[in-house]
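Participant: This is the structure, below, for whatever I ask next.
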Amino acid sequence: MRPADFDAFSTAARVLSSAPLAAAFAAIAVATAFGEHLITSLIGVPGFSAMLVGLATIGTGILLARLPIIEWRGLLPISVLLFLAWSAVSVVWSATPLATVPAVGGQLAWAFIAIVIALTRDTIQIVRATGSAFRALLGTSLALEVLSGVLIDTPLPFLGISGNLAFGGPLEGVFGTRSALGIAALLGLVTFVVEWRTRSVRHGVTIGSIALAAGLILGTRSPSIALLAAALGIATAVLYVFRQLRPEPRRTWQFVLLAVLALVGLIGYLFRSEVFRALGLGLEIEQRYALWQETLRRLAPSELNGWGWTGGWVSDAVPYRFIDASLGRTNDSALNAYLDVYLQLGLIGLALFLLLAGLALVRTWLIATNRRSVVHVWAALIVVTLLASGAAESSLLLSGGWLLLVVCAVIGAGGLSWRRKLPER
């Protein structure tokens, strides 16, 4: 190797291993993942795919440059790897292999990017990067809503903005639907509050960010988002109480909490119609329920395997075209992440996904309750929000939702993996 080549290589390695690049990479990755609707509306799916490839390439460089200093032991959750493997193998029996291959590629790419972020940034740095991304996306959403609903008083259909700001909503922002905006705003709200409590961002910025997220949540005027916000509020209150308890009683109350959640879930399921009516979810839940019922009718002949992974629905492929024809409308998903996994990856895929989600939740929750720093609360509440949103949306499985779930799973594994207790060789 010539001296000039060696100098260039050293410079590239120094840049790729630098903290500013890692910080920028994390923020841009989160913004790109959650800004998928905006990006594809402006430059199309090929443009978004090119950005994803670019991020994965840069992530590879960052990982290689930092390889000697990364502690791998116990950090990569086996549950994530198993779910990804099953998803990738589904191309063998997929009813739509031409859709499964790019879908699996995107899923693997976002998981890899998430792992790079989790391995190269600590939790407070991830919180700040996520906060920067959500500030940009939510701020842009508000600006476009003002432009569409007040200044020009015209919808922006290519962005999915109906221009209802002057009427108090519903708002969609740059996310395409009010539900997607609501979920992003809730995730942003959690992040902004943690930034505020840890004083990692200027006080005025965090207060403005919290007000922005809260205002957009109200602007969605979505009953399902209101229910999700209530669930997040309850989880936050319970987590606060648990953090105040001493270790001995805390362990007992953890099991009590599990029993209460199981009981509430059972009662809610048995009396779901009454609950939906009481919460004003009548029309919205009727449409979702019809979609869920039709989805269950179209399960693959082999319920163990499913139809093959596609992520979002492919309208002209089996079984999605039959579901759409039966309901008389085009659907992008089953509006339920767990049902979508069941449909596409079968019972085995659903079991692996529940294992992934359950371990991420339990690990991040235990870390949040056992460690004093407020920053550890972030991963637990993000996982709670994502998993709860999965009952009414499938965004948990795609781009931004999937990215944050894997990030939090790696954070949880890094703190509580059983492999860390194994003797070193």
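We count from 1, first residue shown onward.
Placement of Cβ uses the backbone N, Cα and C atoms for every residue, glycine included.
Heads up, here are the entries from TrEMBL:
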type	residues	note
TRANSMEM	45-67	transmembrane segment
TRANSMEM	74-93	transmembrane segment
TRANSMEM	99-120	transmembrane segment
TRANSMEM	132-152	transmembrane segment
TRANSMEM	175-194	transmembrane segment
TRANSMEM	201-219	transmembrane segment
DOMAIN	210-354	domain 'O-antigen ligase-related'
TRANSMEM	225-242	transmembrane segment
TRANSMEM	254-271	transmembrane segment
TRANSMEM	341-362	transmembrane segment
TRANSMEM	374-392	transmembrane segment
TRANSMEM	398-418	transmembrane segment
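Mind mapping these onto the model and telling me what they sit next to?
Facilitator: Sequence-distant neighbours of the transmembrane segment (74-93) (same chain, 6+ residues past either end, Cβ-Cβ under 8 Å): 100-101, 104, 107-108, 111, 115, 118-119, 302, 305-306, 308-309, 344-345, 348-349, 352-353, 355-356, 359-360, 406, 409-410, 412-414, 417-420.
Residues 128, 131, 134-135, 138-139, 141-142, 145, 165, 168-171, 173, 181-182, 185-186, 188-189, 192-193, 195, 225, 229 of the same chain, all 6+ positions outside the transmembrane segment (201-219), place their C-beta atoms under 8 angstroms from a C-beta of that stretch.
Under 8 Å from some Cβ of the transmembrane segment (225-242) lie the Cβ atoms of residues 178-179, 182-183, 186, 190, 217, 250, 253-254, 257, 279, 281, 365, 368-369, 377, 380-381, 384-385, 388-389, 392, all in the same chain and six or more residues away from its ends.
Sequence-distant contacts of the transmembrane segment (254-271) (same chain, at least 6 residues past either end, Cβ-Cβ under 8 Å): 238, 242, 366, 369.
Cβ atoms under 8 Å from those of the transmembrane segment (374-392) belong to residues 123-124, 126-127, 179, 183, 186-187, 190-191, 194, 197-198, 224, 227-228, 231-232, 235-236, 239, 243, 288, 335-338, 357, 360-361, 364-365, 367-368, 401, 404-405, 407-408, 411-412 of the same chain, restricted to positions at least 6 beyond its ends.
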Participant: In the same chain, who gets a Cβ under 8 Å from the transmembrane segment (175-194) while lying at least 6 residues past its ends?
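Facilitator: Long-range Cβ neighbours of the transmembrane segment (175-194): 34, 37-38, 41, 127, 130-131, 134-135, 137-138, 141, 159-160, 169, 206, 209-210, 212-214, 216-217, 219-222, 224-225, 228-229, 232, 374-375, 377-378, 381-382, 385-386, 389, 392-393, 395, 400-401, 404.
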Participant: Which one of these stretches, 132-152, 341-362, 398-418, has the most C-beta pairs shorter than 8 Å to the transmembrane segment (99-120)?
Facilitator: 398-418
